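Read through the structure below, which is laid out as structure tokens, and then see the notes.
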Ligand SMILES: C[S@@+](CC[C@H](N)C(=O)[O-])C[C@H]1O[C@@H](n2cnc3c(N)ncnc32)[C@H](O)[C@@H]1O
């Protein structure tokens, strides 16, 4: 997906991916990661997700990255926060309380920036990307997270030939292949969500599951 695609989605308010509550699989499985209190959690392709304040409410510091300035502005104004803003070569950093969002390209982040992220949470980030970018995202971007980092990855699975992405279907074998080199990967749950996803039903999709994987970066 080109950056223009996402910028246009935000300009036109076509943000059906945004959820009015934190992700159910985050609430269900985050504790199982047993992250140290106060550890910093990276939220790639964060949009204005309510997962970020949820993580902050659990005592984490949060580092999000998002292309769209509109998304970043909406996030802070909808939470009644006025962020401190400064610029770096990575983009525009917005910091309020425990949450920092960099308005910039996730692929430009370097290992130094991510070095203190003990956790990572991905919902609608990997599955927002077409296959070639997914490989870069999982291999190159995640390679910059430190050894020992723990994460939760949420995916969707449906018959890809029935619909164009995004969101794309990402099957378990792909997750194992792209993360398995550097990360220990464990499927925690596969949930059937077809009946509550009206837009997928309307498009004639016949099966739809969401999966949660626990990730642990190995030495
Ligand atoms: C499908 S949305 C998911 C947003 C969020 N994770 C959520 O659960 O609501 C994908 C988001 O990634 C952003 N995005 C796409 N490519 C990006 C990139 N290379 N760097 C940073 N953000 C990106 C888009 O603007 C969009 O807000």
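Yeah, the Cβs are placed from backbone N, Cα and C, and that goes for glycine too.
Quick look at what TrEMBL annotates:
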- 10, 45, 66, 123: S-adenosyl-L-methionine binding site (BINDING)
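For the S-adenosyl-L-methionine site, whose annotated binding residues are 10, 45, 66, 123, the maximal Cα to Cα separation is 18 Å. Around residue 66 (S-adenosyl-L-methionine binding site), the same-chain residues six or more apart in sequence whose CB sits under 8 Å from its CB are 45, 46, 47, 48, 72, 101, 102, 103, listed in sequence order.
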